[in-house]
Amino acid sequence: MAKFVIRPATAADCSDILRLIKELAKYEYMEEQVMLTEKDLLEDGFGEHPFYHCLVAEVPKEHLTPEGHSIVGFAMYYFTYDPWIGKLLYLEDFFVMSDYRGFGIGSEILKKLSQVAMKCRCSSMHFLVAEWNEPSINFYKRRGASDLSSEEGWRLFKIDKEYLLKMAAEE
């Protein structure tokens with residue numbers, strides 16, 4: 001594929017971003033867990049204080065998907081802070097449609113994310129990858145990523161909303 005553009009997402013891209021989030025969730029066998037709406041994406045990413053940033057990969061008209069979509073990939077990220085090393089870019093979701101893989105789109109998205117991280121003086125980029133997702137693990141490792149689970153023994157935890165509400169109400 002000769003031409004594609006990686007650009008910051010706009011509010012008008014929210015329906016495509018949600019479509020790709022659902023495709024990623026399906027790829028990860030978790031599609032029933034997507035509760036987000038287009039309205040949520042719009043309010044959370046394009047309001048006065050955005051909770052996330054997003055890059056999209058757009059192809060020209062001659063390379064549209066069979067359904068007529070021009071947005072074929074995305075990366076959703078935000079900034080966080082580590083008290084030991086400072087600013088971090090956290091890559092929350094990263095997906096390129098299967099028919100558009102192998103054309104350098106994913107590599108270009110990662111390059112743009114790296115440029116954003118360097119411009120913002122981030123010390124590193126963090127992200128999660130499912131243990132079974134060898135293609136993605138290899139993609140990241142070829143670009144210098146290290147597996148903190150095996151190298152440093154970190155475990156990821158979460159506290160669901162139900163328990164957050166319970167703790168918030170405690171006296």
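In case you wondered, yes, glycine gets a Cβ from its N, Cα and C as well.
Just one of E67, E92 is listed by Swiss-Prot for the same substrate site as Y27, E28, H126, F127, L128, E152, and that one is E92. The DSSP secondary structure for S136 (acetyl-CoA binding site) is helix. Between the farthest pair of Cα atoms in the substrate binding residues (Y27, E28, E92, H126, F127, L128, E152), the distance is 28 Å. DSSP assigns E28 (substrate binding site) to coil in the three-state reduction, outside any helix or strand. Considering only the binding-site residues Y27, E28, H126, L128, E152, G102 (acetyl-CoA binding site) has Y27 as its nearest partner by CA-CA distance. Residues near F127 (substrate binding site) in space but far in sequence (CB under 8 A, at least 6 apart, same chain), listed by position: Y90, L91, E92, F94, Y140.
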